[in-house]
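Below: the structure, in C-alpha cells.
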Amino acid sequence: MMQTKVQNKKRQVAFFILLMLWGEVGSESIQYSVLEETESGTFVANLTKDLGLRVGELASRGARVVFKGNRQHLQFDPQTHDLLLNEKLDREELCGSTEPCVLPFQVLLENPLQFFQASLRVRDINDHAPEFPAREMLLKISEITMPGKIFPLKMAHDLDTGSNGLQRYTISSNPHFHVLTRNRSEGRKFPELVLDKPLDREEQPQLRLTLIALDGGSPPRSGTSEIQIQVLDINDNVPEFAQELYEAQVPENNPLGSLVITVSARDLDAGSFGKVSYALFQVDDVNQPFEINAITGEIRLRKALDFEEIQSYDVDVEATDGGGLSGKCSLVVRVLDVNDNAPELTMSFFISLIPENLPEITVAVFSVSDADSGHNQQVICSIENNLPFLLRPSVENFYTLVTEGALDRESRAEYNITITVTDLGTPRLKTQQSITVQVSDVNDNAPAFTQTSYTLFVRENNSPALHIGSVSATDRDSGINAQVTYSLLPPQDPHLPLSSLVSINADNGHLFALRSLDYEALQSFEFRVGATDRGSPALSSEALVRLLVLDANDNSPFVLYPLQNGSAPCTELVPRAAEPGYLVTKVVAVDGDSGQNAWLSYQLLKATELGLFGVWAHNGEVRTARLLSERDAAKHRLVVLVKDNGEPPRSATATLHVLLVDGFSQPYLPLPEAAPAQAQADSLTVYLVVALASVSSLFLFSVLLFVAVRLCRRSRAASVGRYSVPEGPFPGHLVDVSGTGTLSQSYQYKVCLTGGSETNEFKFLKPIMPNFPPQGTEREMEETPTSRNSFPFS
C-alpha cells in the first residue's frame, strides 16, 4: 500500500505548484507587440537573433510556435527565420475589455527538446466609436426640483480600451443642465445630468438635449443620444429605495428564473402618484442576464451565468411613481464560481514512434488549463503506474512526457498511454486523452538458430542437388533488422571440399547435396552455417551441422577364399574316413557396406551329392554332414551362396571342388565346445598335457607313414596329406594366417593343448605344410623326400 502511494506521488504533478525548470527553457520571456488589424504576413521578429541561436539552427531543429488551443496567430518562416503574422488579429475578439491583451506562446525546438517563453501583445487601435444602448432617453422632472439634483443617465459602450476607449460625456448647450462623467468600480464611465436652474412647466414644459460620448482616439470618435425632458406639475415626493446599494451573490450554475434579489421602493404620495413600478436602468439587452418584476421588484435570472466570462454585474434599478418621478439604486451581483469546467489538455508536441535503447526520450509536450478559479482551477496530471514513462512539469502550465529509461521493443512494441487531468474542485472533474506510442526497432538482437546443432541424414548414391534438410534462425527484431541471410562458413578442416559437397539457400536455409555421396568414401562430416541479419551493423550467429551419410546396399559380397577370379579352382582333399562335422574348408567373404548391409550369411546352393556336405550359415565353414562311404563319388563340386542382409539383398557365389581320398586319415576337428569348467584341478591339466604330447607324436608318425605309402601307390597323386592344390595364382595378401579358420593353400590343422593352470583352456597349434609346386610327377616328388616328410610347426 505504501509503495503504491509513493508511485502515485511520483506520477502525479499538482498544477498549482508551478515549477519553472529554466534548465529547459529560456531564462526570460521574450515579448513582442503588434497592432490589431495588421495584415497577415507582417514581420514581427527574427527568432535567430532574439533567441541567440546559430544560423540555420531553428530550421534544423524543427522550430514551431505553439499557442494555447493550437491557434496559430504567428508563423515561422524556416528560410528567413522570421516570425510573421499568420492572420489579422482583432483585439476585441481575442481579449474583450481586458487590457493589456497579451497572448502567451512558446517556441518549441527539437533535438534536443527546448522551450522559449514568449508573448505577443495586441495593441488597440481606435476602430470603434462609443455607442449608447438607446438613441433616445426620456426624463420626467418635477418643476419644483431644486438645482443640484443629479439624474443618472444611461452610459455608452466603447469596445476599444485605454485611450481609445470612452473618455468623457458632453451635452448640448442649455441653461438648465450640465453633465458629469463618473467612473464605476470596474472602470467604466457613465454620465450624470445635473440640474443647474429650476424648471418652469408654464414657461417650457419640454426640453430636448443631445448627450455626446467621446473617446480618446486620434482623431476621436463619438456617439450621441437624444434626451427628452418632460417638466411635470407639482409632485412633492419621489420614490425612494430602502437601500441605495444592493449586493447579491449568485452561483453560476443557478437555474434560469431563479430569484436573485428583491428590491423595494416606496412613495409617500397618495393615489396614483404613490404607486411605484420597477425597471432596470442601464439595460444592455445583449449581455444583461437579469429581469425585474415591475410590480414586486423581484430580480430573476433570464440568462445563464458564467463565472469564466463575467465575474460580477453592476445593475441600476429605477423605481417610477404614477406621476413620472423616479428614484434609482445600484445592485452589485457577484457570480460565484462553481466547478463546472473540466480541465482542458492541449497537445503541442507528440512523437508516436520512438526508437528503443535510448535512455530518455521526450514523447509529448502538452499544456493543461481549467477555466474555473481558485481551488476549482488546481489540477493534477497523472498516467498509469505500470508504464515506463514519467510526467515532468515544464513551464507554467506545460508538461513533458518522457521515457523513464531505455525501452525494449522485443518486450513490448506498443504502449497505450492515458493522460488524466483532474481538478481539485467538488465534485472533481477530469479530462483524459489517450495516445499510442510505438517503439521502433533497433538492431540489437542477433539471429538465433532453433537448434545449436543439427544432425542431417542422407543416403548414399543420392541425386545431385538433393534437398537434404534445413536450418532455421529467427531474429527478435523487426523489419529489415529481422531479415536473415544464411551462408556456409569456411570449414575447420582445410581438406574438406565443402563447397563441392553442399550448398545452402541464402533466403530460407535449405541445404542441398551438390553431388552423389559415397558412404564407403565419406561416412560423415561437419560444417558450420551462419545466419546474418540485414541491420546496420549486421549481427550474426552460427550453428553446427553434422551430416551423416547412410549406407545403401550398393556392394555385393566379395569372396576372398576360395579365390573366384576365373582361374582354375583349388581342390580340397577329404579322407573318406572323416567323421560327420569334419571341416572341409571355410568360405571367407567381405562386404564393403556397413551395418546390416554387411551381415553375411552362407548357404549351400548346389552340390554334386545332396546331404553329404553342409555350410554353416554364419561363418561359412563347409563340413561333412555324414559318414563317407566307398559308394560316394570321389569328386564333388559345391556352390556356396554368400548373401548380405541388405534391402534388396546382394549375393555372390563361391565354387568348391572336393576330392575324397581313400585311406587318408586326418585329425578330427571338432565343433567348437564350451571351455572346461574353471573348477578342474591343476593336476588334471598336467595329465592332459602329457597325454596330448604323446598322442600328437603318435599321430604325426602315423601321418608320415601314411603319406609315404600313398605316394608309392599313387604315382598320379599331386600332393601328400591334406593340402590344397591351386591351379592358378593366389594372391598372398588374401591368405588367412590369423587363425580365423580359413584354409590357405597350405594344409592346416589345430593341435589342442591345455593352457596354464589358471585357465584350464585348450590351445591349438597349427602345423603348416609348405606349398608344393602346382605341377610335378611322382619322380620329382621322390627326389625331394625332405619335402614329403617335413612338417614344420609354427
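One is the number of the first residue shown, and numbering goes on along the chain from there.
Every residue gets a Cβ built from N, Cα and C, even glycine.
Taken from Swiss-Prot as is:
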| type | residues | note |
| --- | --- | --- |
| SIGNAL | 1-27 | signal peptide |
| TOPO_DOM | 28-688 | topological domain 'Extracellular' |
| DOMAIN | 34-132 | domain 'Cadherin 1' |
| DOMAIN | 137-241 | domain 'Cadherin 2' |
| DOMAIN | 246-345 | domain 'Cadherin 3' |
| DOMAIN | 350-449 | domain 'Cadherin 4' |
| DOMAIN | 454-559 | domain 'Cadherin 5' |
| DOMAIN | 566-669 | domain 'Cadherin 6' |
| TOPO_DOM | 710-794 | topological domain 'Cytoplasmic' |
- Message: Could you give me three numbers for the domain 'Cadherin 1' (34-132), the DSSP helix, strand and coil residue counts?
- Response: 17 helix, 36 strand, 46 coil
- State, in range form, which of 34-132, 137-241, 566-669 has the highest count of Cβ pairs under 8 Å to the domain 'Cadherin 4' (350-449). 34-132
- Message: Counting CB pairs under 8 Å, which listed stretch among 137-241, 246-345, 566-669 touches the domain 'Cadherin 5' (454-559) the most?
- Response: 566-669
- Message: When secondary structure is assigned with DSSP, how many helix, strand and coil residues does the domain 'Cadherin 2' (137-241) contain?
- Response: 3 helix, 53 strand, 49 coil
- Message: What does the DSSP secondary structure composition of the domain 'Cadherin 5' (454-559) look like, as residue counts for helix, strand and coil?
- Response: 8 helix, 48 strand, 50 coil
